[in-house]
Amino acid sequence: MPSETALPGQKASGAPTETPLRLVGIHKNFGGVVAIKTFDLDVQAGEIVALVGDNGAGKSTLIKIISGLYQPSDGEIWLDGRPANFRDASDARAKGVEVVYQDLALVVDQPVYMNMFLGRELTTGPFKILDRKRMATETQKLVDSLDVRIPSAKATLSDLSGGQRQGVAICRATHWASSLVLLDEPTAALGVAETAKVEELILKLKARGAAILIVSHNMDQVFRIADRVSVLRRGTQVGTRVLADTTHNELVAMITGLTS
Amino acid sequence: MSTPTQTDPGLVARLGTVKWSNYVVYIGFVLVFVFFAVTQTQYFLNATNLTNIVIQAAPITIMAIGMVFVLSTGEIDLSIGSTVALSGLTAGVVLQATDQWWLAALCGLAIGAAVGLVNGIFITWVRLPSFLVTLATMGLVAGLARQLTDLQSVPVTDKAFVWIFGGGNLLGLPIMVWWTAAAVLVGWHLLRQRRYGAHVLAVGNSAAASRVSGIKVNRVRLMVFVGSAMTAALAGLLYAGRLQGARYTLGETDLMTVIAASIVGGTSLFGGKGTVIGALIGSLLMSMINNGLILSGLNVSQQMIVRGAIILIAVSFSLRGKKNS
């Protein structure tokens with residue numbers, strides 16, 4: 001785990017670039033119910049891939065598989081060119097997969113820096129005393145570098161707006177992800193202006209070389225920020241398109257299964 | 001993300017709503033102190049009486065610190081009062097049988113740990129609400145305490161035990177002051193300076209967020225109940241030492257005072273916020289009110305009425321403030 005404010009894409013230059021995320025033949029069934037038939041996808045560094053589909057299409061199941069909450073019934077997950085079998089969510093986190101949830105997995109009565117280091121607090125000295133100063137400094141550095149405007153790293157989270165909080169959540173994912181950031185409808189709970197800010201932040205992550213997989217219900221958002229899009233319909237991967245080569249209508253047709 | 005040019009509420013308004021509620025206990029403490037100092041100057045405002053307030057408060061303070069951790073995780077422990085009696089009686093019985101003060105103390109604390117473990121296991125593994133579990137163990141443990149000596153009191157005469165857990169004096173300060181100081185120091189350190197404390201507050205704020213952040217939520221919950229029951233067990237030893245005897249009625253009426261001390265001190269009843277120093281001040285405030293009312297010549301029933309009313313006022317002030325922030 002990186003302890004400094006290392007960001008994806010800031011690794012030693014010259015290293016062979018491996019595909020941050022490769023999903024091969026992912027299949028998931030719960031007893032007799034098939035949630036995902038088969039799913040293949042590569043996400044490259046510096047790329048945003050959107051995952052779209054109607055409710056119940058299997059998007060959340062897929063995100064849960066990649067973040068270690070579910071184990072796939074069949075298929076392989078490769079991270080940075082290595083096969084990864086996650087035992088649970090902590091295991092996936094330890095291997096550098098970070099998730100940003102729509103319902104803001106943050107603790108509101110704690111300062112920003114404690115949220116940034118939640119579950120991985122820094123300590124100092126033989127008595128393992130919380131190193132609040134260093135956590136605050138590193139948090140401040142990170143939010144400054146990503147231009148997330150919050151009053152201070154020491155501000156209590158409940159004093160921040162929804163957009164600022166999601167900004168903190170994305171900063172946290174960035175801080176701890178070794179290469180892959182999963183965004184599960186990160187703007188679903190936000191207003192228009194706040195959504196724009198968060199999208200700006202996601203594009204910044206991309207510029208830094210992160211591989212980003214984003215679940216979104218918002219077609220306009222997909223066209224604004226994603227490079228490619230993969231469509232799920234009732235557990236079937238209908239197709240993957242480069243956004244420049246597709247249209248709004250084609251995507252809607254793929255999602256709903258109706259041809260116009 | 002809002003722009004920094006957002007209109008800032010006036011400084012006075014901010015002080016009025018947010019900060020103020022956090023200091024209710026300190027303001028209350030000063031007001032009550034001044035009130036009694038003025039009205040009962042002769043008896044209230046002297047070193048012996050003031051020390052007495054701290055000594056009287058010691059068991060409550062220690063239990064309130066345990067309660068701060070429980071409340072901070074969003075749970076509650078109703079079984080502490082009964083645990084006080086069971087621990088005190090266990091120590092008394094062991095002391096009678098063996099004459100070993102340390103063994104008696106150890107057995108008392110072990111009983112506390114066992115009660116806490118039972119609470120914790122039913123809350124985490126069986127997934128019952130802590131209110132129900134500790135309500136049940138409150139009765140169960142009280143029954144055990146009555147059964148243990150068949151409602152008889154047990155005298156505690158061992159000199160070492162009485163010195164350590166009662167009337168001892170160390171470096172010019174009563175031993176109860178040392179116990180209080182130690183409990184506050186340990187509690188403050190755990191809650192404020194350790195990862196454990198951060199996890200306690202995080203779990204109380206959002207168990208789901210804690211879980212996805214890799215915090216072992218059930219282990220944190222289990223530990224707060226073991227801790228709370230052990231503070232109650234220590235309080236039982238302190239009562240047995242100070243009163244030089246144990247009885248099933250020990251700690252019977254402490255539950256309300258302990259919860260009140262924690263909440264008045266600024267700990268949230270809904271989890272996520274806790275303060276050990278606040279619990280100390282809250283407990284001292286309760287003790288001071290008690291002391292002052294006795295000096296004012298109120299009888300026991302009148303004291304109960306006034307104390308209940310004061311708790312109601314203090315709690316509504318501190319909780320109203322919490323919801324605003």
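The backbone N, Cα and C atoms fix where each Cβ goes, and this holds for glycine too.
Whatever TrEMBL says is automated annotation, not expert-curated.
Feature annotation from TrEMBL assigns transmembrane segment to B:23-44 (among others).
Residues 77, 80, 84, 130, 174, 176-177, 179-180, 183-184, 187, 190-191, 200, 204, 224-225, 227-232, 234-235, 238-239, 242, 251, 254, 257-259, 261-263, 265, 267-269, 271, 274-276, 278-280, 282-284, 286-288, 290-291 of the same chain, all 6+ positions outside the transmembrane segment (B:50-71), place their C-beta atoms under 8 angstroms from a C-beta of that stretch. For B:50-71 (among others), the entry in TrEMBL reads transmembrane segment.
Feature annotation from TrEMBL assigns transmembrane segment to B:78-95 (among others). Residues of the same chain lying 6 or more positions beyond the ends of the transmembrane segment (B:78-95) and with a Cβ under 8 Å from any Cβ of it are 59, 63, 66-67, 101, 103-105, 107-109, 111-112, 115, 119, 131, 134-135, 137-142, 144-145, 148-149, 154-156, 158, 161, 228-229, 231-237, 239-240, 245-255, 258.
Taken from TrEMBL, the feature transmembrane segment applies to B:101-123 (among others). Away from its own ends, the transmembrane segment (B:101-123) comes close to residues 75, 77, 79, 83, 86-88, 90-92, 94-95, 129-130, 133-134, 137, 141, 158, 160-161, 164-165, 221-234, 236-237, 240 of its chain (Cβ-Cβ under 8 Å, at least six residues beyond either end).
Feature annotation from TrEMBL assigns transmembrane segment to B:130-148 (among others). Within the chain, the transmembrane segment (B:130-148) has long-range Cβ neighbours (under 8 A, six or more residues past its boundaries) at 70, 75-79, 81-83, 85-86, 89-90, 93, 115, 118-119, 122-123, 225, 248.
Sequence-remote contacts of a segment are chain residues at least 6 beyond its ends whose Cβ falls under 8 Å from one of its Cβ atoms, and for the transmembrane segment (B:160-186) they are 51, 54-55, 57-58, 61-62, 65, 91, 95, 101, 104-105, 231, 234, 237-238, 240-244, 276-277, 280. The annotation transmembrane segment is assigned in TrEMBL to B:160-186 (among others).
Same-chain residues lying 6 or more positions outside the transmembrane segment (B:220-241) and placing a CB less than 8 Å from one of its CB atoms are 58-60, 62-63, 65-67, 69-70, 72-73, 75, 77, 79-81, 83-89, 91-92, 105, 108-109, 111-117, 119-121, 123-124, 130, 134, 156, 161-167, 176, 179, 183, 196, 199-200, 203, 210, 250-251, 254. Taken from TrEMBL, the feature transmembrane segment applies to B:220-241 (among others).
Residues or ranges marked as transmembrane segment in TrEMBL: B:253-270 (among others). Sequence-distant contacts of the transmembrane segment (B:253-270) (same chain, at least 6 residues past either end, Cβ-Cβ under 8 Å): 22, 24-25, 28, 59-61, 63-64, 67-68, 71-72, 74, 76, 78, 80-81, 84, 204, 235, 277-283, 285-286, 311, 314-315, 318-319, 322.
TrEMBL lists B:304-321 (among others) with the feature transmembrane segment.
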